[in-house]
Structure formats: structure tokens, C-alpha cells
Amino acid sequence: MAYQAKKLINDPKDVVTECIEGMVETYPGLQYLDGFPDIKVVLRADVSGSTFDKVAVISGGGSGHEPAHAGFVGEGMLTAAVCGDVFTSPPVDSILAAIRAVTGPKGCLMIVKNYTGDRLNFGLAAEEAKSEGYTVEMVIVGDDCALPPPRGVAGRRGLAGTILVQKIAGAAAAAGLCLADVTAEAKHASEVVGTMGVAFSVCTRPGHVTSDRLGPGVMELGLGIHGEPGAAIADLLPADVVVSHVLKQILSSETQYVPITRGNRVVLMINGLGTTPTMELMIAAGKAVPQLQLEHGLAVDRVYTGSFMTSLDMAGFSISIMRADPKILQRLDAPTKSPFWPVGVEGDHPPAKIPVPVPPRRTETHDEFSTQPQELSEQGCILEVAIEAAAKEIIRLRDQLNEWDSKVGDGDCGTTMFRGAMAVLEDIKKCYPLNDAARTINEIGVTIGRVMGGTSGILYEIFCRAAYASLKGTPQVTSKQWTKALDAAIAAVSKYGGAYAGYRTMLDALIPASTVLKERLNAGDDPVTAFVLSAEAAWSGAESTINMQAQAGRSSYVSAEMLASAPDPGAMAVASWYTAAAFAVQSKLRAPKD
């Protein structure tokens, strides 16, 4: 269903001019031409056409692809960028104004993406500039590898590979080369680069409704940067599979889009299309490099990952591959003051991995003691069923915990706890010395610390370490000693986590459980009954958190109204595993004897 997109704008007609205003306020090396907003040209603040002694490099096109192209204006890259309205080629007058503003005696090169409107408008501007006495050359970039050749008169579309061409041309111009040589390097670069994009959502123009053309669970292969339909729609696949498909399409020997063969050296660009998180772009980069090396026999000399040529708010990415040679690498590594060209990429890569400087983390005497005994004692059997029941209950509740946490936190409580529970079930069969309760609790802490992460992980590790310290040296643990260990664990969590009863945390389940456990044991109840009654107290405490105002953790930033919609997931997790353990012990000890 189509709906009005949410955008941080004023009048949709003013988005380009207001974007340019923000850009020049942010970067003092940029300015825009007088005649703004009708003529939207961003140029280097240190360049005057009448005195500029280098070849000027101009590019541009429709807006909506930021940071392209204005974000790449700067010494060592573009001299000026001409900005059209969103997805609309800039008018001839604007392009001509840019040429007049920055072109000196050495002339100018215009780098143009292969779209009909851009070719025509930049071409006409070039002809008019020549009639005025300017020396102008133009290189058209068509790096699209998604659509099968031939493409008729339209040819291949210009995509993110254009940015690499701009950098090479800008560096050649900054080095003082003449117009013919700068043009030759740019033209060569345009002929050895290929790009293909994949979208997970379509883009929405300012003031327009969001299209529902690309529904859930699907992706579009080979779409254009203006949201135009691509080559095919397919089911959403894992990142490594998508990356593999794109690389094979670009490097296809059948289409021969780019002259790249096994043994060549290449440059790789992973480009975000607007709203793709950096995490996902880095995943794509991490999958692309070894595939290029191992499956295609290519040496990857440089990797550029980020958002370079976007499509407004489109989710997706494109991959560009350029055949590298020493001159191209020299140009790409050359310094630039362009605000959005990535720094820290130049130079050869050291090994991606180095050895860990410390041994893997386990307990100090793990090799000697931390293995499951061949025969379990009665205490070992009880401990085993309690641990397994607690872990399985957390696994069962993963989605419910996530749902609660999505309302009052960051939505991953269940996933985090699930990770820990799964690891505990795996390790209990291998390395928990179940006949030694203290060391078993310590090993649970080691497991949790290894896999859970986050605040929950460290709090549970502290919990286990404190309980271990209390139980250490006790071969046969009594119910009173378990109670003392629980109190020690609660005190440690409170000390380091900074929370107390009523703060809407895991302690609001643990503290009532500990209180009732001590009360019932002191009243003479048998340990199993006391354990079960303390589990009921844990549940009551956890459920009461729905009426509490959070004073610790991420929930402390959430409104009281939202907090009232769900109990604290951390407290509910405690109540769940604690209760599961209690009933498992009850079932084990009170089951009929054979």
C-alpha cells in the first residue's frame, strides 16, 4: 500500500537548493555560484576561471544521488558540480555557467553519466562554450553491467563507477597534465570499470508517496539509480549469494562488459544506495574480496566502501570493479580535499588477521578439571536437570522476550539470552564438572561471557563469578550455602550494575526469590518446597515491573507510558529460568523410585 514518506524537508521544490546551502555551510572549501537557486553550481572556493592554471574537471547531473556530485568537489577531484533538480538533468545555462566560472587557459573536461538528458544538456553546453572560445572535452561513463547488450542508442547507464573516473581525472588534472592527457586517462578509466546494483526497496522522491512496487521478501537486481525497474526481481538471499551473483554478472565472459580476466589486479567499490547501514556494506565488502580472489583469480588492490552515489532513501547497494594498473592506483591514492572521498584507503593492505596475543579465555585449571565426569553424583544429576531446564526455557521464550524488549529497550533481550542458553546446552555436555557445583557455576559464567555480549552478558557473568566465589571449596553444597551464594551474586550485580530493588531490572525477580528462599528455609520448609515458593516470588516480582519506572539500563530512557505496556524483559527472563530450574528439581527429587 502506498503512503506518504517521512522526510526531513520543507517545501519539496526547495530540497536541492537547501541541500546545497547546508553543504557549503558545512565545508568552507566549497561555494555556489551567484544566480542561485536558478543556477545550482557548487565549485571550489579557491578557483577562479580567469587565473586557474590546471585543467578544470566538471561533472554533475540530477540531484538525489548525494554525496554525488557536489560532495566530490575539491582540490584533486572535481572543480565544479552542476546540480539539477531531483533526478533531472541540469539545464544548459547552469552547465555553461559552471564552465565559465572555473575554466582557465588549460580548458575543462566534463565527466557525464550516460543518460540521454545529461548527454544532451552537457553536450549542448560544451558546444556553446567552444563557440565562446573555451577548450572543452567530454567523457561519457556507462558502467552498468546489469542489462544485456546491446542497449541500442541509449547504451549502458552511468552508475557509481563514475566516481572512480572523477577521482582519476581530478588527480591527473591536479598533477598538471594537459587537457588531452587528462581526457585520455578519464576515458581509459571509464572503459575498464563495471557496476551493478541491487535494491531492497525503491526510493521515494520528496513530496511523493512511497511505491509498493518492491514488496517484502524480494529484491531487485540491476535497477537504475533513479528507481527505474531493473533486470529482474528475485527472492531475498543471503549477502554472500547476492554478492556472488553481482560479481559474476559484472565479470561475465559472455557479455564482456569490462576487460578483466584472471590474473588482473582490480579496485573494488561497495556503494550504498541511500539507507543501507554501514554494517551491511562492510559485510558485502568482506564477502566480495575473497570471492574476487578465489573464484575469479583477481588481486584486489583497493577497496572503497561507503555511500558515494545514492538514490535518495533506497535500501540496497552496488558493486563497481575497475581494472587496476600502476597509473590508476597512483591517481586513486593521490591526495584530495573532496569532502566525501574516503581517506585511509590508499596503499597496500597488511594481512587482515593477526594472531590473538592472549590464549583463549577459559578458567585457569580448565584442562585439568573442566570436563564432565564419567558418572554423576546425586548432586550432579540435580544440577544437570536444573541447568538444562533453565536453558531450554530461555530458548523457548526468545521471541516473547524480544517482543517485550522491543517495547521498552532495544529489542534483542531474547536473542542475547538465547545465545547464552544455546551455548550452555552445548558446553554442559563437554566441559561442566557437574559433580563440583562451584566450578560448574563458574563454567556457566565462562560460557556466558564468551557468547552473550552486551550488558546482560556481563551481568550474568558477574552473577556466576560471585556465586562461584561463595561456593568455592564446598564439595557438597547445602541449601543454606546455595542461599548464601545467591545473595552474594545479587550483591555483586547490584554493586557493579548500580541497580537496586524497584529499579525495574533483573534484580526485581532475584531479590524476592532470595528473600522467600531464606524465609522458607528458616521456617523449616524442605529445600525443594522453598525453591518452588521462591520461584513464585520471582514471578511476582518480575510481573510487578510493569508498574515500575525504570532507573537503570536502556529502559530508563523510555517514557512511563511505554514502560507500562510490558514488564521488564530481564526480570522476566530471570523468573523464567529460575522457575524452570525449580520445577525440574522438584520433578527429579519427587519422581517415583524404580
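For all residues, glycine too, the Cβ spot is worked out from N, Cα and C.
Sequence annotations record features per position, and here TrEMBL assigns active site, tele-hemiaminal-histidine intermediate to His226. For Gly62, Ser63, Gly64, His65, Lys113, Asp118, the entry in TrEMBL reads substrate binding site. Residues or ranges marked as domain 'DhaK' in TrEMBL: 11-341. The domain 'DhaL' feature in TrEMBL is assigned to 381-583.
In the structure as shown, the Cβ atom of the residue listed as 'active site, tele-hemiaminal-histidine intermediate' sits within 10 Å of 19 other Cβ atoms. When the binding-site residues Gly62, Gly64 are scored by other C-beta atoms within 10 Å, Gly64 scores highest.
In sequence order, Gly61, Ile140, Val141, Gly142, Arg157, Gly158, Leu159, Thr162 constitute the residues six or more apart from Lys113 (substrate binding site) in its chain with CB-CB distances below 8 Å. Taking the centre of the Cβ atoms of Gly62, Ser63, Gly64, His65, Lys113, Asp118 as the substrate site, the nearby residues of that chain (Cβ within 8 Å, site residues left out) are Gly60, Gly61, Ala68, His69, Gly84, Phe87, Thr88, Ser89, Tyr115, Ile225, His226.
The average pLDDT for the domain 'DhaL' (381-583) in the predicted structure is 90.
The number of other Cβ atoms within 10 Å of the Cβ belonging to His65 (substrate binding site), over all protein chains shown, comes to 28. If you draw a 10 Å sphere around the CB of Asp118 (substrate binding site), it holds 25 other CB atoms from the protein chains shown.
For the substrate site, whose binding residues are given in the record as Gly62, Ser63, Gly64, His65, Lys113, Asp118, the maximum C-alpha distance rounds to 15 Å.
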